[in-house]
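Asks: The region 'Disordered' annotation in TrEMBL covers B:1-25. According to TrEMBL, the transmembrane segment annotation covers B:35-55, B:95-119, B:131-151, B:179-201, B:238-258, B:285-306. Per TrEMBL, domain 'ABC transmembrane type-1' is recorded for B:92-306.
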């Protein structure tokens, strides 16, 4: 038996490794499905139409689909949900196949290669027709634009439309702050730091942070938004020629994180803490602050009720309008769809007051900033702090958007900062190295 | 004990000789055809899900391909890129260190447990086997998540340390810059030791009891018996355990992915994790394939080395 087992084991494991990378097959089609610019129309057929939609984030996808079907009873949208990890690894394959879904949730990282290959419909015609430019917050559309090669973002064609916005901020534990004598929500970055100090003096933990996954990069990103000029950051994330992250602002943001580590507000143990564990730690009342997005609002509200509050990390100076990272659950149309007009009508629906209500109910910020959405409690808190950000068009994308693989460098680099083993210079130059290898 | 490398050719030669000697080729052919018919489902399965993807990966490793757009020929470019990447060296060094924890210590632990369980302790043997083999049956993802909790700042491991008065050294072990890889390694030790033990126990049970009796008559104590009778008796099993666990160490992915994801600050990255990142985070299928091929070559090299060492010591 031994030699057989032996040989089988070797080949089985060897093969498993092959399969790891080999589960993809080189496609031979040259991919260019996009035909000549077609005529666009906002007239929707009254015949029965069935569209297929592939998505990963629910909410809001399913509720939005139902809302749209109520308005257009002749349209049926069949949905297929895939969990996030599998979605980003499979969506490029399914969108470039002969059997592509008509509409797909947009993912900038995964779908980068679909744009140059022509598998995603360029929406300029519809944008003009429906007047999307004035209807959506410009920053939310900007993130969904790219040049033909998908090298530079924030410019060029529009490839998706947002169906609900998310925003990065800081949750706080009201009773813990009262205990520490902090009466007001911080209005400057320095006040935030002082609030953490006050909490630390009471013997409680100021901040819960998940450094194992994306928690640390969210915090760093929020601080960077707070200290730096937004334009430099935007240029870098969008891949504008010659831009760099090795700026004074980025260095200052990194130093601030290092100081918070030094002061004990952030523990080295954060590096082994997952985002879910960090959130659970915060909602269990073990820390006063936790930086993450409104996607966690439902969980926080359920666990903490009125004890929890939310603010967008303020700027360095009092009175400055905060800048916050945010993204959207956005939808793209396949260039192979037979019903582009109907699909575009679904995208236009995202901006309607009805959709705004669905978006806020499902925990997102509405894309229609003028929609009157009354909420209270934590969701109201989030909506209130988000409003000035959106109105001033101060939503910026997340830093991992800058280049493929950037998320791994960001995570590892910040783990080094939290461990006190990586210098600010090394961290920023490692990010720039990834950026340069992609953007040239 | 015969060496495994010498055991296998003998029966094959014998059967071939018998076939030729009798000169009755037709029945044999029919028998062979029948055998192939039985094998066919397995062959088809193996060829389409193992051999074809493997060959395909080899082909992909010579391409520049993002998974969607038309690929272009890269020649050896991807391999050159791998050799020039310092991150790769670190990940290979990490994987080599993991061999100590996934392979060397478990083999020693397995031998130790075999020594303890071999002699008088017949009662309760099934219980020990089940408990110690359990890590092998659990999915590594569940193992990883559980150990992440055990290792965290307020986890069971630190609680235990405080209980025995070592509260001063507690920390989030998987988040510690210097100790994360070792902490990760011990999870592997826990997972692999039971497997080694089970292999060695089954091997040891085949040893002729007369050998132990003879050793006892010669005045050999328990340790001497273990060294001179049990260990040589399970030589084959030790080789197998060494090969399996070394492959597990070099190809480790799931455990690392779940517990540290290569962190903190790349202190626990392993080659398989980089393959995954290249393919799915960076959309660089060509380089990912080249790295997978390199890793396979490394594994084959190590397995050959282990088998050769085992043969020399025979």
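Positions of Cβ are set from backbone N, Cα and C atoms, glycine also.
Quick one: how deep are these features, and who are their neighbours?
Replies: Packing against the transmembrane segment (B:131-151) from elsewhere in the chain are residues 113, 157, 172-174, 183, 187, 190-195, 197-198, 254-255, 257-259: each is 6 or more residues past its ends and has a CB under 8 Å from a CB in it.
Same-chain residues lying 6+ beyond the ends of the transmembrane segment (B:238-258) with a Cβ under 8 Å from its Cβ atoms: 4, 95, 98-99, 101-103, 106-107, 110-111, 140-141, 143-145, 148, 184, 187-188, 191-192, 195-196, 199-200, 231, 268-273, 275-276, 295, 298-299, 302-303, 306-307, 310.
Here the transmembrane segment (B:285-306) has Cβ contacts under 8 Å with residues 57-58, 60-67, 71, 74, 77-79, 81-82, 88, 92, 99, 239, 242-243, 246-247, 250-251, 271-272, 274-276, 278-279 of the same chain, all six or more residues outside its ends.
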